[in-house]
Amino acid sequence: MNHLPEDMENVLSGSQSSHASLRGVHSINPTQLMARIESYEGREKKGISDVRRTFCLFVTFDLLFVTLLWIIELNVNGGIENTLEKEVVQYDYYSSYFDIFLLAVFRFKVLILAYAVCRLRHWWAIALTTAVTSAFLLAKVILSKLFSQGAFGYVLPIISFILAWIETWFLDFKVLPQEAEEENRLLIVQDASESAALLPGGLSDGQFYSPPESEAGKKFDSVHCSNALSPLPLSPHSISHYA
C-alpha cells in the first residue's frame with residue numbers, strides 16, 4: 001500500500017485546522033451576538049453600573065447611620081439643643097462627637113464626587129478617605145475621653161471605622177473588578193463581530209463558509225480510491241492452492 005510523504009500529511013492537517021477555525025467563527029449566532037453588543041452598549045449609556053450604584057447607596061447609608069447615632073447621643077446626654085451647643089459651639093476635641101459626624105460627611109462628599117459624579121475607576125479616593133478616617137479615629141480614641149461618656153464612646157468610633165473599611169473592600173473587590181470584566185467582555189464581543197464581518201458573505205443564521213478544497217486533498221482522495229479499487233496481487237502459491 002502507498003504511503004503519503006510526511007510533508008503531504010502536514011499540508012492536510014494544516015488545511016483541516018484552518019477549515020475548523022473558520023467554521024468556528026461563522027458558527028456564532030449573529031442574533032445573539034448583536035443582542036450582547038446592545039446589552040453592553042445599554043449599560044454604557046446608563047452612565048453608572050449597578051454595582052457602582054450599590055456602592056454609592058452604601059456610602060449614603062454610612063452618612064445617615066452615623067448621623068442617626070449622633071442625634072441619639074445628643075438626646076441621651078441632655079437634649080438636642082443643649083448638647084448641640086456644647087459639642088458644636090463649644091467644641092472640645094477630647095469630649096465631642098461632632099468631629100466623627102464631620103468625618104462621615106467628609107467620606108460622603110469625597111466618595112460621591114469621585115465615584116458617582118466623576119465616575120473614577122481608581123482606588124486613590126477610597127484610599128484617601130479610609131486613611132484619614134483610620135488615623136483620626138485612632139488618635140481620638142487614644143487622646144480623648146470618650147470611653148468615660150458611656151456606650152456611645154465605644155459605638156461611634158467603632159462603627160465609623162468598620163463602615164470605612166467595608167467601603168474600601170466593596171470598591172476594591174467588587175466594583176472595580178466587575179466593571180473591568182464587563183469592559184473586557186464588550187471588547188471581546190466587538191472584536192468577534194468585526195472579524196466575522198470581514199469574512200466573505202457576512203454573517204447569517206446557519207451560514208457556514210467552506211474554503212476550497214486544496215490540491216493536496218484531491219490527490220489524497222484519488223490515491224486512496226485507486227488503492228482501494230485495485231485488485232490484490234496473487235502469488236503462484238495461492239493460485240496452485242485454489243487450483
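Cβ coordinates come from backbone N, Cα and C, glycine included.
Marked as region 'Disordered' by TrEMBL: 1-21.
Look at TrEMBL and you will find 48-218 tagged as domain 'MENTAL'.
Sequence annotations record features per position, and here TrEMBL assigns transmembrane segment to 55-76 (among others). Sequence-distant contacts of the transmembrane segment (55-76), counting only residues of its own chain at least 6 positions beyond either end whose CB sits under 8 Å from a CB of the stretch, comprise 48, 83-84, 87, 97-98, 100-101, 104-105, 107-108, 111-112, 115-116, 150, 152, 155-156, 159-160, 163-164, 166-167, 170-171, 174-175.
Taken from TrEMBL, the feature transmembrane segment covers 96-116 (among others). Tertiary neighbourhood of the transmembrane segment (96-116): same-chain residues 48, 52, 55-56, 59-60, 62-63, 66-67, 70, 73, 86-88, 125-126, 128-129, 132-133, 136-137, 140, 146, 152, 156-157, 160, 164, 167, 171, 175, selected by CB-CB distance under 8 Å and a gap of 6+ residues from either end.
Among the features that TrEMBL reports, transmembrane segment is placed at 123-143 (among others).
If you look up TrEMBL, you'll see 149-166 (among others) marked as transmembrane segment. Counting residues 6+ beyond its ends, the transmembrane segment (149-166) has Cβ neighbours under 8 Å at 58, 62, 65-66, 69-70, 72-73, 76-77, 95, 97, 100, 103-104, 107, 129-130, 133-134, 137, 140-141 in the same chain.
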